[in-house]
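Enquirer: Feature list, courtesy of TrEMBL:
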TRANSMEM  B:55-77  transmembrane segment
TRANSMEM  B:98-115  transmembrane segment
TRANSMEM  B:121-140  transmembrane segment
TRANSMEM  B:152-170  transmembrane segment
TRANSMEM  B:182-202  transmembrane segment
Amino acid sequence: EFLHQQKDEL
Amino acid sequence: MNIFRLTADMTHLMSVIVLLLKIHTIKSCAGISLKTQELYAIVFTCRYLDIFTDFISFYNTIMKVIFLWTSFSIVWYMRYHKIVRRSYDKDQDTFRHVFLMLPCLVLALLINERFTFKEVMWTFSFYLEAVAILPQLVLLQRTRNIDNLTGQYIFLLGAYRALYILNWIYRYVTEPNYVHWIPWMSGLVQTLLYGDFFYYYFLSWKNNVKLQLPA
């Protein structure tokens, strides 16, 4: 969840 | 979404538009490295594997589709369009993909946040993006006449990377638990690779002369 949350960049 | 991130994405989008403009209107890809464009297509494919599985936002999905679609269409134009492909300087664009891809893949297998397929591919995409500009920079140095659109295209690409660094600093300061070493380090390397180009770009702009890189 922690890692996923940060993958909002392109 | 902060202003640096938005400006970075828009600069990235503008770089693609400038390149497509050159291809569509002048029907030329002179001075553009197909190797770099193919590497970008691979970069976005590997990075956006989550496009169907993880929904982040409408903006995010649309931008992913745009970058995937445009990177593949640029490669298609340069390889197969009957007029555009004639302007491609194959003999000058000699960089080998494998020399960049293999070390990046090995590094991604060794240094990643989690050892899963998607995660390693995501990491690989960052390592590869960092060095994907190298064939283009080599080609640029070999090309004596750099046209304005090519110069602007590379300038916008470099600016997009530099703005991402500002975005990371901003997020690190304002968001708790925001730490992302892999994009940070590879992003920093990538931006440094543009340093030399920026220097000559600004010099030509200041002196109002045509951009030319020293041999």
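A Cβ is built for glycine as well, from the same backbone N, Cα and C atoms used for every other residue.
Burial and contacts for the listed features, if you can.
Expert: Residues 2, 4-5, 7-9, 11-12, 14-15, 18-19, 22, 32, 133, 136-137, 140, 180, 183-184, 187-188, 190-191, 194, 197-198, 201 of the same chain lie 6 or more positions beyond the ends of the transmembrane segment (B:152-170) yet place their CB under 8 Å from a CB of it.
Residues 111-113, 123, 126-127, 129-131, 133-134, 137, 140, 151, 154-155, 157-158, 161-162, 164-165, 168, 211-214 of the same chain lie 6+ residues outside the transmembrane segment (B:182-202) yet bring a C-beta within less than 8 angstroms of a C-beta in it.
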Enquirer: Checking distant contacts: for the transmembrane segment (B:55-77), what same-chain residues at least six beyond its ends satisfy Cβ-Cβ under 8 A?
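Expert: Sequence-remote neighbours of the transmembrane segment (B:55-77) are 1, 9, 12-13, 16, 19-20, 23, 29, 34, 37-38, 40-41, 43-45, 48, 84-85.
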